């Protein structure tokens, strides 16, 4: 909307009046660049009237200093060069032009979360932000770090300049559809309502590899998808909320106990051979067979274990080796000599004394060769033998939490099972997972570290993975030691370490912010003669681990075209520089907490935009430090056409069951022995004949109902007698048979006795029911028994034949009482 030139002359304040800098113009005010004039003292002042969209008018003035280029540079941010080079610009006119161009090119984006780098990168590329209407419900599910970042983001938005050109452009696109959504969680948006043109930085159903329990279960299925062994790059893991998983973990713990005893013997002898001639604890165990004394308490004798412990451990390891080499396939379970529960408990307790109680094994030197040979065979078939160590430490993690929350390390099986049992009654299944702790990690200056490696998935069919060339290391604040199982020593998560102070005994060569870039790490390896290790072992192994994890999870993810997601994988290096995959994180933190993350996190976000946005228009564009890791051939899905589906053949006709003739039901004798007392003949009929209440209801809108023909012997009384008398009647039931359907008649229900043609029972209550003329049936009526009361002895006692029953098509009411249900899909209804 254009505004006419202001007729008022430029305002010049008196010399003694200080020029005030008034607030900038709101976005709905139109400016006229012709009204700018040069004021006193080299300052530009203006006073104009501008029409607003709602009809209001305001008088605003703005003053710009000739030497103040900060505001001008801020204005030019995100503006093409051809527009920003002009000295006389209407910022709101530029905002409208840029907005119209962005709408035409579908460059509208929305951000939920603290992602200033993504916002600035998209703005430089001509994208316009539509302010995201976030949901408080989604904010409740965020962690404390996410909430603080979101609060900071909201404060930054609130403190923005009101006349910021990007804020103006955001108001202009408030009714437009964003074509790029960048959120901290997928549930923030309605995932299934997105159009195919909208990009989202998340996929659905990624819990199969972004949660600890999902990755644990998926890695077991890896051999079905890839010719690879998950035990070569993923430490074995178990869920602790199912009995089968608990038993598998218990068996693994016990096997590790046996292998640790053998390792103790080998390590003890190797250590003794290096310290010959020195008075050491391990040397004295073999030189002096007598029980050793504690150096801190000489009067306390340390326990000494017999060689039977080593024999039992060798027996267990030999059986385990046979399982790994598949020698137990043709052997029955009854023939195997497994340890009893009591023997397992005894072996475990002796192991605790050996490792934690500083006990020794008598004559352990004689078992050295046997233990070394057996361990060598196990190592050749079990790639995790080296990382197991001798302490048998396991790390217990919540199944679906992140940032190191509630993670503990334990080395006693009873403590692990007790932790799960105490929490199993109030939690869902698979809340806890237990994973073998890497007891022999690579250390830098006696300090443990892990590696955060990014990778990007842009499609699941075909699976397309981009691997980032840069990564960073996270150090612990404490020196590494297995004597203490504190999280500060064994967990390198920045969310945990940032709350702790660096240990004074830690090497001063480590950075105070506890992070290195991968480039700095390569320099460290180069100085120690291991410069080629990164390119030959570490980097390729991390690539293979990520590729295998994504290929096995491909069938579980809810794939969506035009979506992408950036993940963060955590690795720990062993002593042999082999990386071990620990977990994969969705929505990895991009908070610039250290100088390292401030550099790399901003860099990886900018490069992500290059891959997912720029590469759509130019396949040869710059993609930063990303490299294509894996792209499989696309799997063509067969088209679905329901019209081609048909079934040919002849249907099987179900044979009709023939109704056998039913003989006379002898109810007369039983009724005569104990005749019921009823008020009327109708009540008598309903009491004796009607089916149970659970009978399936018949569809009363059918055009006709097939019924049975039967004969009932009953007295016919006058109306005055039926209302008040309480006689006892005999009721005779005779043979009945199927009758063919007759022609349809309309009228009232009419039932007439063949022997008493003058007596007619008419139901005016149900006019839709009617019957044909009854056929007489030859039979002998049973006389009623003598009874006291007002019963008339002269009452006629004659049979009434119910021949056929018809149902009117327009009938909306059903008869009152059901007398008999036939097997020929028909009903006989009583007379009310």
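Here the Cβ of each residue, glycine as well, is placed from N, Cα and C on the backbone.
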Ranges in play 249-276, 277-304, 305-332, with Swiss-Prot marking region 'Disordered' at 277-304
Residue 397 (ATP binding site) sits from residue 585 (Mg(2+) 2 binding site) (Cα to Cα, rounded, in Å) at a distance of 14
Residues near residue 492 (ATP binding site) by Cβ (under 8 Å) yet at least 6 apart in sequence within the same chain, in sequence order, are 448, 449, 450, 474, 475, 476
For residue 570 (Mg(2+) 1 binding site), the nonlocal same-chain Cβ neighbours (under 8 Å, six or more residues apart) come out as 450, 451, 452, 453, 581, 582, 583, 584, 585
Residue 583 (ATP binding site) has its Cβ surrounded, within 10 angstroms, by a count of other Cβ atoms equal to 18
Using a 10 Å radius on the Cβ of residue 438 (ATP binding site), the other Cβ atoms enclosed count 24
